[in-house]
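Engineer: Questions regarding the structure given below will be posed in turn.
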């Protein structure tokens, strides 16, 4: 009889354990963790005590069988143990209530010393603001979401001991209001930190360093495109016109099959450097300019390139920072969380616990800019993928010079510091701080920021999207007409929005360039005339700026004037300008073939990067379907410029 009761005790206690685990799991799935889980554990411990009381007398009658039952229960407990066991000598003291209130990041800090969770989420400058009294350790914040199981299970073991041996009054104080607060905190979307992650399609592939190695990749691409075009012709599946009846500029070649598009992307992601940068420039164009399918393929190029192997990456760091660069870090994540055309970005943590982002340049890209551009243009021209005149020789020369400057990370660091100073008091924009001790010509280290790129901001409210886009356009005008220095790369990923602090972080100042006042004095008058829809004034200033010679055919002159006036429509509108429904890109798309065919002289060199930034900013507004009046922002910029100019005279 005693043996049977011993077995019953073992089974009952085991069922209580399993019930506890099931209840906790269900509560977590419902998003009702925290206090409710503590209450569930209290009920479980009470149930176990009641079981012991019921069978207590029988247990007392037979000590041997009681010992047998206890031993078997401990065996069962070991098999279904859902708590994280503590290392010998490392168990925290739960004798006081205060020990339970310590931040979990400190309790688990030693266990994670080799590295944080995939914490491309930082406590960061945004996260620290307004969070006094909370743990600043990124592990404390990240573990709250990514490691909820580990944390709760760690506490399960310790709190269970507390309930068996200590007063249960704190749990008894749980109220309906506490439960509701826990539920709301769980459901609040802005409480979730945002992290940047490498594209799932990104692969580890060695960067070809030598010119011969890079040329071989372009040669293989050319051969592959040729066979792909033959297959496309054989299938008679040339691109059809889109639903609006117009064809994209790049939608005119049998070389532009789906298979060939994948070949292009694969090659660009492997060689990286200047060739990939050109592909990224095409990726941020509107669908009216390039084939929509190719735009989607290039989207993968824009989001993430492939990343270099550990050995190649380590060699770059050793060459630039010396063999002991790791001594300056507490932790370094060997797999990057972002990869782009010129470099890849790794998470690291300084000795003091501050998280940083280390951008490491791919080896050989700076030395191969000229050959890469020549090779890619040869392949694209051979396949007739680009319309004649789209990338004339003078534009290629400008791109070469810009890419050479972008490869100088020390120059980029200097401009990042300049913009950080210019925008230090701005309520909406933020520039991450440079970590000088981990910077070199090929390594750039900044504080880690939080948020997500603007291509993921389409789900935000209309009010927030309007504010983001409004500030971006105002910044463009200030960069050109107030700062006289502009970050000219409008890539989505260079703008990170943090919903918790309602700020946008500005990244990547490699494409920054300065503008002389002699240029801006004329250019602001062109924009003034466009905002006034003054056709004659636009023509006069365009000739003065050498956009035109004055001897162009009428078709070219009209196309140029129309394009300028179309861009000025937004600044001419006192009413909210709906970027989501405007037809600016389509109108300009229709003018491109005329301007490519009849242009007599190239436009001023400054306008390539300037129009890339302005056009990209308008495209951001279009993609986010922003709607707000723009006339006042330009009028303010114009008034400030004139006032500043008169003050200098």
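In case you wondered, yes, glycine gets a Cβ from its N, Cα and C as well.
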Engineer: What does Swiss-Prot list, out of 374, 494, as binding the same ATP as 341, 359, 446, 447, 448, 449, 508?
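Structural biologist: Swiss-Prot names 494 for this ATP site.
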Engineer: What range among 330-333, 334-337, 338-341, 342-345 does Swiss-Prot record as motif 'AAAS motif'?
Structural biologist: 338-341
Engineer: If you look at how Swiss-Prot annotates this chain, which of 198-214, 215-231, 232-248, 249-265 comes out as transmembrane segment?
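Structural biologist: The range carrying the transmembrane segment annotation in Swiss-Prot is 215-231.
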Engineer: Do you know which of 273-276, 277-280, 281-284 Swiss-Prot annotates as motif 'KxGQ motif'?
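Structural biologist: Among 273-276, 277-280, 281-284, the range Swiss-Prot annotates as motif 'KxGQ motif' is 277-280.
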Engineer: Tell me, how many other CB atoms lie within 10 A of the CB of residue 489 (active site, proton acceptor), whichever protein chain they belong to?
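Structural biologist: Step by step: centre on the Cβ of residue 489 (active site, proton acceptor), count other Cβ atoms within 10 Å, giving 23.
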Engineer: Could you tell me the mean pLDDT over the motif 'KxGQ motif' (277-280), as a whole number?
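Structural biologist: The answer is 63, the mean pLDDT of the model over that range.
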